[in-house]
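Peer 1: To start, I am sharing the structure in question, which I have written as structure tokens.
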Amino acid sequence: MSDPTVAGRGRPVPTAGDTARRSVARTRRGRRLREYALFLAFVAPNFLLIGVFSYWPVVYNAYLSLTEWDMIAPVKRFVGLDNYVDLFTGNEFVDVLGTTAYFMVGVVGGSLVLGLAVAVLLNQRLRGRGLVRTMVFAPHVLSGAAIGLAWLFIFDPNYGLSRFLFELVGATSPAWLTDSDWALPAIMIVYLWKNVGFCAIVYLAGLQNLPRDLYESAALDGAGAWRIFRRITLPLLSPVTFFLVVTTIISSFQAFDVIAVMTDGGPGGATTILSWYVYDKGFIAFQAGPAAAGAVVMFAILLAVTLLQTRYLERKVHYR
Amino acid sequence: MTTRMRRFGLYALLALVGVTMVGPLYWLFTSSLKQSGDIYTFPPVWWPGDLRWGNYAEAWRAAPFGQFYLNSLITTGSGALLEVANAVLTAYAFVFLRFPAKRVLFAALLGALMVPGHVTLLANYLTVADLGWINTYQGIVIPGAASAFGAFLLRQHMLTIPIEIIEAARADGAGHLRILFRVVLPLSRPMLITVAIVSLVSKWNDFIWPLIVTNTETMRTLPVGLLMLKDADGYVNWGSVMAATVFVVLPVLAVFFVAQRQIVAGLTQGAVKG
């Protein structure tokens with residue numbers, strides 16, 4: 001019962017002739033109606049915006065995915081599932097899905113593993129760890145477009161830091177963004193750099209929440225550090241891991257700004273992941289149908305991931 | 001001995017992590033102050049021999065950055081204000097006001113969190129075009145003015161406010177607006193600040209929506225304006241490009257160092273205590 005206005009909720013039963021009590025009932029009802037009106041007034045702007053700019057676009061986008069339209073002509077031609085058939089029978093979109101999967105696995109996996117490692121490090125009693133914690137998290141809050149530019153300069157094969165680091169170990173820096181084998185890894189490095197701090201901070205909070213007594217008894221039993229980590233820490237952190245998997249999947253699916261600044265989806269489509277594809281088809285090529293169909297595919301994948309999370313979280317609450 | 005070596009190793013790792021994370025930012029800032037002679041040399045110049053603040057003036061002139069700044073300030077400020085207002089009103093209504101079917105409405109609110117931005121891009125562009133809002137401030141701001149997550153966070157916080165306080169205010173004859181502004185908001189201040197800062201930062205950094213919805217130089221926001229420094233054959237004058245990048249990054253970094261705790265709390269909410 002979170003409703004503090006619940007006092008006096010029992011409906012009064014007016015007896016014949018008891019006008020005083022009846023009028024009390026009437027004002028009570030009036031007050032309740034006024035409260036309803038106030039509720040509506042408070043939530044109306046938010047729900048209107050959510051309806052128009054979150055729910056409606058899902059419906060409208062689904063409809064667009066069944067049409068052929070150049071974003072200009074007055075008429076949208078209904079083509080049924082043709083766009084989807086085209087997407088999945090042609091090579092381009094399948095390649096895009098492959099690139100997206102590669103990108104996503106790399107960024108999500110890398111951010112989680114590195115994030116956990118950094119969190120474990122920051123959980124040690126070391127001087128300066130507060131400063132490093134701040135440093136680690138800073139890239140996460142910065143504009144992707146801006147850090148994309150900064151890294152573009154770093155990846156410059158002639159003057160960039162990249163060349164310096166490669167020559168340090170006696171190798172030659174790849175041409176990164178103009179080489180179709182290296183362009184996607186370059187983009188992934190930038191997103192990794194941006195995401196690691198987030199994962200590290202969340203893991204760190206998780207580590208600090210772990211019950212101490214379990215560790216003490218495990219140490220008494222003579223378990224080594226690695227064994228404790230694998231048998232106790234990792235399993236206890238699994239809800240945190242799950243949360244991070246979901247949030248990083250969602251954010252990596254939306255990766256866009258770094259690509260827009262660094263590669264424009266190229267070279268030769270090497271960095272065209274699903275989000276870039278939707279933008280490119282819609283706003284560069286003006287093919288609303290394929291763009292919308294691509295967005296529906298994206299939505300389906302993300303919905304599955306999110307529902308999985310809700311499911312999992314509910315189960316976790318159940319166990320408590 | 002071994003513990004000493006272990007500690008040394010840990011400190012080395014800590015330093016490595018710090019350098020890796022800050023290195024690119026260091027490079028960004030120092031390059032923004034380099035003469036072109038220092039930029040186009042190898043091996044790299046770690047500290048500019050001669051600070052060249054002129055890069056900033058040059059960047060400022062290379063594109064209408066004054067206008068971009070103004071646009072970013074206006075859209076970020078008004079967008080965050082509207083988002084926070086929506087969050088506050090919605091949260092208050094869900095916690096302190098009666099209404100039938102509150103559960104269903106609450107589910108509808110949270111459902112909006114499941115709709116990723118990229119999916120709504122095309123349809124929202126068309127809606128905004130229908131409204132005649134292409135290339136306007138309201139076109140940039142309004143579609144992002146709703147608040148689902150912020151409203152959720154504030155609601156969770158308001159649920160912890162003891163009912164007795166509210167009842168006491170009511171007994172004193174306070175109406176809902178008075179209770180909201182005099183009692184509930186002051187008690188929700190930390191969460192309110194968190195929601196506001198996270199909203200400000202994300203709107204400042206927003207890229208794809210302003211990119212799509214604006215089509216003239218005078219309406220671009222800062223991150224989108226950065227793209228305009230790109231020539232047909234890529235970015236040329238790195239000194240001033242890095243300076244322009246600093247324009248975008250600096251305000252957020254400043255906010256971050258001041259309000260770090262709040263930002264971390266907002267972005268990681270719900271992660272650990274589930």
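Including glycine, each Cβ sits where the backbone N, Cα and C put it.
For reference, TrEMBL lists these features for the protein:
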- A:1-24: region 'Disordered' (REGION)
- A:36-56: transmembrane segment (TRANSMEM)
- A:97-309: domain 'ABC transmembrane type-1' (DOMAIN)
- A:101-122: transmembrane segment (TRANSMEM)
- A:134-154: transmembrane segment (TRANSMEM)
- A:182-205: transmembrane segment (TRANSMEM)
- A:236-263: transmembrane segment (TRANSMEM)
- A:283-308: transmembrane segment (TRANSMEM)
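Any idea what these are sitting next to in the structure?
Peer 2: Sequence-distant neighbours of the transmembrane segment (A:36-56) (same chain, 6+ residues past either end, Cβ-Cβ under 8 Å): none.
Listed by sequence, the residues of this chain that lie at least six past the ends of the transmembrane segment (A:101-122) yet keep a Cβ under 8 A from its Cβ atoms are 129, 132-133, 136, 184-185, 187-188, 191-192, 195-204, 206-207, 229, 237, 241, 244-245, 248-249, 252-253, 255, 273.
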Peer 1: Which residues of the chain, 6 or more past the ends of the transmembrane segment (A:283-308), have a CB below 8 A from one of its CBs?
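Peer 2: Beyond its ends, the transmembrane segment (A:283-308) has Cβ neighbours at 58, 61-62, 64-72, 76, 79, 82-84, 86-87, 93, 96-97, 246, 249-250, 253, 274-275, 277.
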Peer 1: Against which stretches of its own chain does the transmembrane segment (A:134-154) lie, if we need a Cβ under 8 Å and a gap of at least six residues from its ends?
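Peer 2: Residues 118, 122, 160-162, 177, 186, 189-190, 193-198, 200-201, 255-262.
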